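First comes the structure, then the notes that go with it.
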Amino acid sequence: MLHRDCWSLEPKLMDKEDHYSNSTNISGFFSPFFNKGAMREDNQSSTLEFILLGVTGQQDQEDFFFILFLFIYPITLIGNLLIILAIRSDIRLQNPMYFFLANLSFVDILFSSVTIPKMLANHLLHSKVISFGGCLTQLYFMIALGNTDSYMLAAMAYDRAVAISRPLHYTTIIRPRTCVLLVIGSWVVGNANALPHTLLTASLSFCGNKEVANFYCDITSLLKLSCSDTYFNVKMMYLGVGVFSVPLLCIIISYIHVFSTVLRVPSTKGVLKAFSTCGSHLTVVSLYYGTVMGMYFRPLSSYSLKDAVITVMYMTVTPMLNPFIYSLRNRDMKAALGKLFSKRLSS
């Protein structure tokens, strides 16, 4: 999980009297995990609501993004679903590379569904309100699925590295059991990284401003709104940044092996084939990590509501583009999709 300049957030301290008299308590269900010596008022957690300011906060621009999201979301669902169906229906695609791709498409469907439907519903209902429970739900699944997506990309890079650098040992290294374990591991790490952040955020108190500077519940925005001591939350974000960054390091190492192997190939045709095989994956990795790093790897003081536009790229546009990137650059995938369409039309 990435966060905007988590090291620059200053811990906020309140005196005990102000804390209990002015703050709104939101711990609810999670309070048994973080009881700091006082009984929490559970009934208040059900009334706490946040205001999602949207992508820009300007109504005319929000209308544009509503139309954009209304266009992007069905394409994302249909495109990724077609990838999954094509892989399942074509025997030629029953191999580790496409197994990882099908799982990546499934994660992208869920990833888009965490935030876009809520944004569309709020716009139609002329409401920007989200309950604290809904906010926590968004927070948890955004962190979990974002990390799972990241580790899935690393698994795909590892698969391509082994296929190119050690082709004779590929079937003994990348076995079906290995593939399943890599996918399960991606989900486990993603959820394990999301749970502590969600619980820690649930233990915070909020007072005064409840406006979240984005179209979804971002953890850094919530920490800025909190009137509790966020020192430990900030420390945990260090760990979250590290956990999210590990797959990028694995991808870099994998492609170092790929390029070092490819450059030793005397045949130009072999080099072109290797780059064609990895080109789609590199494109997706560049889009995903490029926009994420552009958004979060900078000082918190430089962040404003206008920067929420960048989140649209990696949260909505990238999941939509993935099916096109992987299908348009892959002859086997295009053939499988054509076969799938012809089968549906003839039935």
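Start at 1 and count along the chain as shown; that gives each residue its number.
Backbone N, Cα and C define each Cβ position, glycine as well.
Here is what TrEMBL records for this protein:
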type     : residues : note
DOMAIN   : 79-326   : domain 'G-protein coupled receptors family 1 profile'
TRANSMEM : 64-86    : transmembrane segment
TRANSMEM : 98-119   : transmembrane segment
TRANSMEM : 139-158  : transmembrane segment
TRANSMEM : 179-196  : transmembrane segment
TRANSMEM : 236-258  : transmembrane segment
TRANSMEM : 270-289  : transmembrane segment
TRANSMEM : 309-328  : transmembrane segment
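Within the same chain, the transmembrane segment (236-258) stays apart from the transmembrane segment (309-328): fewer than three Cβ pairs sit under 8 Å, each pair at least 6 residues apart. As a whole-number mean, the pLDDT of the domain 'G-protein coupled receptors family 1 profile' (79-326) in this prediction is 86. Beyond the transmembrane segment (98-119), the same-chain residues lying 6 or more positions past its ends with a Cβ under 8 Å from any Cβ of the stretch are 52, 54, 65-66, 69, 72-73, 76-77, 80-81, 83-84, 87-88, 130, 134, 138, 141-142, 145-146, 148-149, 152-153, 155-156, 159, 179, 182-183, 186, 215-216, 315-316, 318-320, 322-323, 326, 333.
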